[in-house]
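Shown next, in structure tokens, is the structure this report addresses.
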Amino acid sequence: MLLHILYLVGITAEAMTGALAAGRRRMDTFGVIIIATATAIGGGSVRDILLGHYPLGWVKHPEYVIIVATAAVLTTIVAPVMPYLRKVFLVLDALGLVVFSIIGAQVALDMGHGPIIAVVAAVTTGVFGGVLRDMFCKRIPLVFQKELYAGVSFASAVLYIALQHYVSNHDVVIISTLVFGFFARLLALRLKLGLPVFYYSHEGH
């Protein structure tokens, strides 16, 4: 139940960030809803397609689409106050990342896949919504450039899978992973942590 509630909060927050990205590209209402939907539930859809997990999450639960579309339209109305809520969105985004990662890993495990595929599914669920958002908005995805985002998703998934072998209470496993991933993400933001950046400037290749 806790994970489901946090998931709904997560897709709402991600939908709003997607709507803002669409607004920066001066898209109409339809475009705003599409970008918001891709951001919020795109990662889970990519995961389900790769794993052959059908029906897709939003097909099985169409209320997710309604929640996301409503959040997108609401964002166009309250956009002027959004800059004042930046810290709130950072917190919600951190929670959403870990929740998406946990759900992605569990879907793969429930299908009988091993730890490696479960981690891949977790990272796909956690980051690919943002990747789709940035690609649709003609930007190099932020997750590929500077932020320690996919790394937090990866570490959270590894911890979640590992804890299941040592802790019998699944709620404890979920909460422990949430706490770890949440604070790891906020610490990465605070200290501006990121992976090494590769730069190649030779024009002949």
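Each Cβ is built from the backbone N, Cα and C atoms, and glycine gets one as well.
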In Swiss-Prot, Leu142 and Leu195 sharing a membrane side: yes
Tally of residues which DSSP labels helix, strand or coil - the topological domain 'Periplasmic' (51-64): 7 helix, 0 strand, 7 coil
Stretch contact, the transmembrane segment (169-189) with the transmembrane segment (88-108), Cβ-Cβ under 8 Å, 3+ pairs: yes
